[in-house]
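J.: Quick one: the structure is below, questions incoming.
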Amino acid sequence: MRLTLAEVMAAAQAAGDVGPWLGLEIASVVIDSRKAGPGALFCCLPGERADGHDFAPQAVERGASAVLASRPVPALAGNVPVLLVPDVTRALGLLARHWRRRVNPVVAALSGSAGKTTAKEMLAAIGQEMGSCIKNPGNFNNQLGLPLSMLAAEASDRLWVLELGISRPGDMEELAAICEPDLAVVHNIGPAHLEGLGNLDGVGRAKAALFGFLRPGGAALANKDYPELWRAAQALRPDVLAMSTRDPDAPYFCAYTGCNPDGMGLYRLFLDGDALDVELPCQGAHLAENVLAAGAAASLLGASREQIALGLSRAALPGGRFAVRRVGGSTVIDDTYNANPLSMRAAIDSARAMAGEKPLVLVLGAMGELGPGALAAHEELGECIAAGGCRLVVFRDSQGGEAQAVERGLRQGGYGGEFRAVPTPEDFARAARAGEIPDGAVLFKGSRSQRMEEFLERYLESKREGGQ
């Protein structure tokens, strides 16, 4: 970003006595005083444990050229320009939108209930083959992370791949108004964030709201496999393009075809009639929706088939997203980053396929933010596991009733395997060291709050101690 202070002030709708500094160039935006330097605009954000206003003097000491605040900072009076706004986060959104309009890149916005970060990483990898491309780092996908990602872009970055994450009504409208996409993609929906969005119809409407903010001439792409999403998308954009992993007659289709001896996942894409076989450094049928979203979006953005194949082959999945490794006699699957009913079932199905004739072991934690239907969703999970079969289910008992709900569902589904409710990683480690976790395909997954990576770490330690 490179803007004068006058531009920043106008875009952010800020006030302040900054006349002498209006021509000052602002080259970056920071919210951490330790990262401030010359040309930086330090933004004072309130927090639960700290208030950014208290750190503004330190930011200036480190070279920050200006400060964006929601109240005066007396210690800085007259020393540096202080721009005052009612809401710093909202002002950052306004500033990011101004920068987007000023440099006019092509913006691809992606959302979904499961796998949106993975889809974003895949599309960005293709984007790198097309030219200069930026993306949100990690999951910087909310009202703060999105503007910071956009403001980190240079004028020479011609493609912005942006992931949008929502949890309540109105979130998508706020985010989409900031980024004003040229291409909008929603690749799935599921019962996620039901505390805020209510039910699947609510999720579908909230996600599809993205399509209402497309720039003139923009394209909308939605997964027709999800009726609630597809209805909402068509209501907003009758010209929405369909993608599917179930209907091979859809304009954009993808199927998982297995993996090669090197462990690369094999997928077949159909992009508006053209077949394309691609290899990725990840595997599993549940990733087909992500591969499809990235491949279809890239095709609509003008990528060649060679660029799509090469980009996907180089895509790096973020940590904790179905990372597969061989440890001794087991295939260990790290899908610990997060979980909701949609992603949980997809991961279990893929793990079951990987297990083949070997035992399937599921080490799971609760799925969060499901509202009043949380226990019912966990019962349904148990029934789903029972229907497909499994040797052992280990469930983190966090005293919320989810473990018991899963056990009820398993019983109701006629489960014939073993179930264990384990309260701590240490308890799980003792079972692993005692050889009570059979070799096979071992999946670790749960919501972020469950920290299932701690269970994974204990399991790997037990394997190392056993010489595997």
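Glycine is no exception: its Cβ is also placed from the backbone N, Cα and C atoms.
Heads up, TrEMBL stuff is auto-annotated, nobody curated it.
Annotations for this protein, taken from TrEMBL, read as follows:
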type	residues	note
DOMAIN	25-99	domain 'Mur ligase N-terminal catalytic'
DOMAIN	111-298	domain 'Mur ligase central'
BINDING	GLY112, SER113, ALA114, GLY115, LYS116, THR117, THR118	ATP binding site
DOMAIN	320-448	domain 'Mur ligase C-terminal'
J.: I'd like the Cβ neighbour count for SER113 (ATP binding site), meaning other Cβ atoms within 10 Å of its Cβ, all protein chains included.
T.: 26
J.: If you run the three-state DSSP split on THR118 (ATP binding site), which class comes out?
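T.: The three-state answer is helix.
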J.: Taking every protein chain in this structure into account, which of the binding-site residues GLY112, GLY115 has the most other Cβ atoms within 10 Å of its Cβ?
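T.: In terms of Cβ crowding, the pick is GLY112.
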J.: Could you break down the residues of the domain 'Mur ligase N-terminal catalytic' (25-99) into DSSP helix, strand and coil, giving a count for each?
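T.: Split by secondary structure, the domain 'Mur ligase N-terminal catalytic' (25-99) comes out as 28 helix, 18 strand, 29 coil.
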J.: Mean pLDDT for the domain 'Mur ligase N-terminal catalytic' (25-99), as a whole number?
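T.: Across the domain 'Mur ligase N-terminal catalytic' (25-99), the average pLDDT comes out at 96.
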J.: Taking the Cβ of ALA114 (ATP binding site) as the centre, how many other Cβ atoms fall within a 10 Å radius?
T.: 25
J.: I want to check the contact list for THR118 (ATP binding site): same chain, sequence separation of six or more, C-beta distance under 8 angstroms. What comes out?
T.: LEU287, ASN290, LEU317, PRO318, ARG321
J.: Give the residue counts of the domain 'Mur ligase C-terminal' (320-448) per reduced DSSP state, in the order helix, strand, coil.
T.: 54 helix, 31 strand, 44 coil
J.: Neighbours of the ATP site GLY112, SER113, ALA114, GLY115, LYS116, THR117, THR118: Cβ within 8 Å of the Cβ centroid, same chain, sequence order.
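T.: Nearby residues not in the site list: ALA119, HIS187, ASN188, ASN290, SER343.
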J.: Using a 10 Å radius around its CB, how many other CB atoms surround THR117 (ATP binding site)?
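T.: Taking every protein chain into account, the count is 24.
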